[in-house]
């Protein structure tokens with residue numbers, strides 16, 4: 001039986017982090033978690049990390065698509081925070097962001113890690129950006145590192 005799985009070290013990986021400025025007090029913590037994970041666990045150097053800032057979560061897929069189209073990166077981490085309010089706006093923003101990022105991954109055969117918080121309350125978002133429930137930015141970085149390795153392993157085995 002052949003089992004393909006990745007590890008989390010990716011010293012030579014070139015990673016783009018596309019980050020929303022909206023809810024910046026939360027999203028900056030996600031960025032810190034992602035950067036710490038990439039450097040500490042993945043051994044990714046600062047020179048191989050590019051941070052792209054966009055206004056909000058709706059803009060993440062377009063920026064991710066442009067990054068993917070450049071062909072210069074091994075993976076993308078998308079970071080943002082969408083918190084439910086009193087209108088259906090949350091559903092549209094969260095859904096379109098998720099769908100758009102998934103489309104980029106499939107179109108460009110490139111891992112796109114989803115580190116966008118989609119919570120009902122600000123308290124839930126705070127918990128997920130580095131307090132009680134961990135740091136979802138760091139978790140997205142771990143996922144990306146593993147997927148970069150899985151895809152490289154698949155490419156080697158399938159050629």
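Placement of Cβ uses the backbone N, Cα and C atoms for every residue, glycine included.
Copied from Swiss-Prot, the annotated features are:
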ACT_SITE  89  active site, proton donor
BINDING   22, 57, 58, 59, 81, 82, 83, 114  5-amino-6-(D-ribitylamino)uracil binding site
BINDING   86, 87, 128  (2S)-2-hydroxy-3-oxobutyl phosphate binding site
Binding-site residues compared (87, 128) - highest count of Cβ atoms within 10 Å: 128
Least buried by Cβ count (within 10 Å) of the binding-site residues 22, 114: 22
Integer Cα-Cα distance in angstrom, residue 89 (active site, proton donor) to residue 82 (5-amino-6-(D-ribitylamino)uracil binding site): 10
Rounded to the nearest Å - Cα separation of residue 87 ((2S)-2-hydroxy-3-oxobutyl phosphate binding site) and residue 58 (5-amino-6-(D-ribitylamino)uracil binding site): 16
Cα separation, residue 59 (5-amino-6-(D-ribitylamino)uracil binding site) to residue 128 ((2S)-2-hydroxy-3-oxobutyl phosphate binding site) (Å, whole number): 22
Pairwise CA distance, residue 58 (5-amino-6-(D-ribitylamino)uracil binding site) versus residue 86 ((2S)-2-hydroxy-3-oxobutyl phosphate binding site), rounded so that it is a whole Å: 18
Fewest other Cβ within 10 angstroms of its own Cβ, chosen from the binding-site residues 57, 81, 82, 83: 83
Residue 57 (5-amino-6-(D-ribitylamino)uracil binding site) - helix vs strand vs coil (DSSP): helix
Among 86, 89 [recorded positions], residue with fewest other Cβ within 10 Å: 86
Three-state secondary structure, which DSSP defines for residue 87 ((2S)-2-hydroxy-3-oxobutyl phosphate binding site): coil
